[in-house]
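Colleague: Could you have a look at this structure, given as structure tokens, before my questions?
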Amino acid sequence: MTTTAAPAHARTLHVHKGHGTQNDFVLLDGREPGTELDAPLVRALADRRSGLGGDGVIRLVASEALPEGRALLADDPRATQFMDYRNADGSVAEMCGNGVRVTALLARRLGLWDPTTGDLVLGTRAGVRVVRHEPAPGVRADGTPEPDWYAVDMGPWRLPGGTGGGDGDRPGAGPAAAPAGLPDARSSVTVPGLPPGLPGLDVDLGNPHTVVVLPDEGALVAADLTAVPLVEPAPPAGTNVELVLPTGEETGADGRLVGRARMRVHERGVGETRSCGTGACAAALAVRVWAGAGAPDTWFVDVPGGTVRVRVLAGGHVELAGPAVLVADAVLDRDALLA
Ligand SMILES: N[C@@H](CCC[C@H](N)C(=O)O)C(=O)O
């Protein structure tokens, strides 16, 4: 006699879909049953043909539900919520800058965060991240407001050798737009469409990045990011590769210098995406390091999906700000999704 085991999970799965500058995510409310993530479920949700589609999948979950969350809570009892982030290929990543903003918006929608009462303190595998709400920066041509922005203290950044952020890490290696022969280059990066073996600077934002500064727009357009770039020596846990083109500096409203750069990115575990928040931070930091003394502390980074702002903060931290948007609530057929 055979018996039919009861399904381990409900046959439906309630999810949310959102993006930050078109870096898009499927999000789940960890309070709902059956939302524990594993690689097959993540891949199915992120699939753009047979699933809902996304660059990553995020579960907003009580920190006490995960070992990584419990470890954070011991150090910072404010971090009661945790961003469990996975790349589209099912791999676990330490951090996602755009994802933090969209997770903050989800926490707000779910009534788990009220920005009028204070900042959101969110646990991640890279540590605690503090999120501040910024009102919509402007209105669109049709008069409707742009989406609200969220500014995230992304914590400390690190260059090769474990050095932290700060002025002491700016050797003044020369103009940002002239990367050849930079003494800070620690990796050699080969991307189809570009000359082989370009110098790349490794920047740690909690997750790994390798930044290549390009000389002109032609190179930015010509780069073929359909395949994983070759980075040598091979980073042990892989890396996200940013191609960045500094496009100018201007004086901001407060009289301080503001830099601007364009970026394309190949994300570890995903492929080319239309934005990467940690990548934008890495790109701005690399350009600033290479530009040397007097380079701006604030950068606007233009990506295919929009614009984010990166600010170097005192104490070796960096801040990422940009929009967050939720576009859908959906109920999926779990069996069909995983079939
Ligand atoms: N899109 C994210 C980064 C996501 C993780 C990355 N692919 C990795 O594996 O490190 C961002 O906005 O930072």
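The backbone N, Cα and C atoms fix where each Cβ goes, glycine too.
Bear in mind that the values here come from a model prediction, so they are computed numbers and not experimental data.
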Colleague: According to TrEMBL, region 'Disordered' applies to one of these ranges: 8-37, 158-187. Which one is it?
Modeller: 158-187
Colleague: Using the residues the record lists for substrate (ASN23, ASN87, GLY97, ASN98, ASN207, ASN240, GLU267, ARG268, GLY277, THR278), what whole-number Å value is the largest Cα to Cα distance?
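Modeller: Site span for substrate, by Cα atoms: 16 Å.
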Colleague: Can you see whether DSSP assigns ASN207 (substrate binding site) to helix, strand or coil?
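Modeller: The three-state answer is coil.
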Colleague: Neighbours of the substrate site ASN23, ASN87, GLY97, ASN98, ASN207, ASN240, GLU267, ARG268, GLY277, THR278: Cβ within 8 Å of the Cβ centroid, same chain, sequence order.
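Modeller: Near the substrate site, the remaining chain residues are GLY56, ALA93, MET95, CYS96, GLY99, VAL265, VAL270, THR273, CYS276, GLY279.
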Colleague: I'd like the number of other C-beta atoms within 10 A of the C-beta of ASN207 (substrate binding site), please.
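Modeller: So the Cβ neighbour count for ASN207 (substrate binding site) comes to 26.
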